[in-house]
């Protein structure tokens, strides 16, 4: 029962991280990033940033 609870808690934490925009540990889809930035008349690129031993994949518009 404890293992199930731990797995459930970890799943909720990871799901919460994936839903937050900005600096989160997530996958960046290049085509979605370009579409998002095209609306701002900019070029989009997936960038990896490292902060406190975490790697963040985020979309940047240039």
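Including glycine, each Cβ sits where the backbone N, Cα and C put it.
Here is what Swiss-Prot says about this protein:
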type     : residues : note
DISULFID : 28-46    : disulfide bond
DISULFID : 33-59    : disulfide bond
DISULFID : 37-61    : disulfide bond
SIGNAL   : 1-18     : signal peptide
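Distribution of Swiss-Prot features across the structure.
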residue	record	DSSP class
28	disulfide bond	coil
33	disulfide bond	helix
46	disulfide bond	strand
59	disulfide bond	strand
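Taking a C-beta cut-off of under 8 angstroms and a sequence separation of 6 or more, residue 28 (disulfide bond) has the following same-chain neighbours: 46, 47, 57, 58, 59. Here the Cβ of residue 59 (disulfide bond) has 19 other Cβ atoms within 10 Å, regardless of which shown protein chain they belong to.
Geometry remark: residue 33 (disulfide bond) versus residue 61 (disulfide bond), CA distance 8 Å. With every protein chain in view, the residue among the disulfide-bonded residues 33, 37, 46, 61 whose Cβ has the most Cβ partners within 10 Å turns out to be 33.
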